Amino acid sequence: MNTATGVIALLVLATVIGCIEAEDTRADLQGGEAAEKVFRRSPTCIPSGQPCPYNENYCSQSCTFKENENANTVKRCD
């Protein structure tokens, strides 16, 4: 495997693992809202059984309260 092929393979792997998807933004030289939205996570990244984020749309299905290994009730993706 040459260097170029290795770099391409690493970029593809990083994209798949991170579920990163580019979002269209306008140029913002002030560091405002557009600068913060260059990348966003795909809504299908969080698999079943993982903790729910604040925005439930990031779960693959829905969120429900479940008991974790410490007997605490937490929200998990279904």
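The backbone N, Cα and C atoms fix where each Cβ goes, glycine too.
Listed in Swiss-Prot:
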- Cys45-Cys59: disulfide bond (DISULFID)
- Cys52-Cys63: disulfide bond (DISULFID)
- 1-22: signal peptide (SIGNAL)
- Pro51: site 'Critical for insecticidal activity' (SITE)
- Asn68: site 'Critical for insecticidal activity' (SITE)
- Arg76: site 'Critical for insecticidal activity' (SITE)
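On the structure: features taken from Swiss-Prot.
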residue: Cys52; record: disulfide bond; DSSP class: coil
residue: Cys63; record: disulfide bond; DSSP class: strand
residue: Asn68; record: site 'Critical for insecticidal activity'; DSSP class: coil
residue: Arg76; record: site 'Critical for insecticidal activity'; DSSP class: strand
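Rounded to a whole value, the Cα-Cα separation of Cys63 (disulfide bond) and Arg76 (site 'Critical for insecticidal activity') is 5 Å. Using a 10 Å Cβ-Cβ cutoff, Cys63 (disulfide bond) registers 18 neighbours. Around the Cβ of Arg76 (site 'Critical for insecticidal activity'), the number of neighbouring Cβ atoms within 10 Å comes to 18. Ranking the recorded positions Cys52, Asn68 by how many other Cβ atoms lie within 10 angstroms of each Cβ puts Asn68 at the bottom.
In this structure, the C-alpha atom of Asn68 (site 'Critical for insecticidal activity') lies 9 angstrom from that of Arg76 (site 'Critical for insecticidal activity'). The distance from the Cα of Arg76 (site 'Critical for insecticidal activity') to the Cα of Cys52 (disulfide bond) comes to 5 Å.
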